[in-house]
Amino acid sequence: MHHTSMGIKMESQIQVFVFVFLWLSGVDGDIVMTQFAGVDGDIVMTQSHKFMSTSVGDRVSITCKASQDVSTTVAWYQQKPGQSPKLLIYSASYRYTGVPDRFTGSGSGTDFTFTISSVQAEDLAVYYCQQHYSTPPTFGGGTKLEIKR
């Protein structure tokens, strides 16, 4: 199933998928959103780093590579300690409602980048990329952003 038209409908589908995944996990927070790899043909999403350390005010970028062309059907999520994941970016570069403009996304095809232009203390979290070009949607392994004091 390939998605070519993006918008509100896709945002809702992404959120529904995450909520269903959380519900099936039987946990409220601190889940590990791993790749749904293992089935032949599943798209593997590989994030550049498992950990990144930065300081308040710095610019930081996280990259994500898809194992095949996924057009611009990539979302980015933020999961703070003890909380459920929140959608930040959908369709590679569109900020979800209420997301601060310091968060941006870019890319298409196989290479994607998520950037925080000026890191704030509250940005301490794990960030995940996800493709929804094909079923099942698959996640990157996550990048934990640590803030230097």
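Just so you know, glycine gets a Cβ as well, placed from its N, Cα and C.
Keep in mind the model is a prediction, meaning the values are calculated, not measured.
Feature annotation from Swiss-Prot assigns signal peptide to 1-29; the stated evidence is experimental evidence. Annotation source Swiss-Prot lists region 'Framework-1' at 42-64. The region 'Complementarity-determining-1' annotation in Swiss-Prot covers 65-75. The region 'Framework-2' feature in Swiss-Prot is assigned to 76-90. If you look up Swiss-Prot, you'll see 91-97 marked as region 'Complementarity-determining-2'. Taken from Swiss-Prot, the feature region 'Framework-3' applies to 98-129. The region 'Complementarity-determining-3' annotation in Swiss-Prot covers 130-138. Feature annotation from Swiss-Prot assigns region 'Framework-4' to 139-148.
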Under the DSSP assignment, what numbers of helix, strand and coil residues are found in the region 'Complementarity-determining-2' (91-97)?
0 helix, 2 strand, 5 coil
Can you work out the mean pLDDT of the predicted model over the region 'Framework-3' (98-129)?
98
Per DSSP, what is the residue tally for the region 'Framework-1' (42-64) in helix, strand and coil?
0 helix, 12 strand, 11 coil
Between the region 'Framework-3' (98-129) and the stretches 42-64, 65-75, 139-148, work out which stretch tops the count of Cβ pairs under 8 Å.
42-64
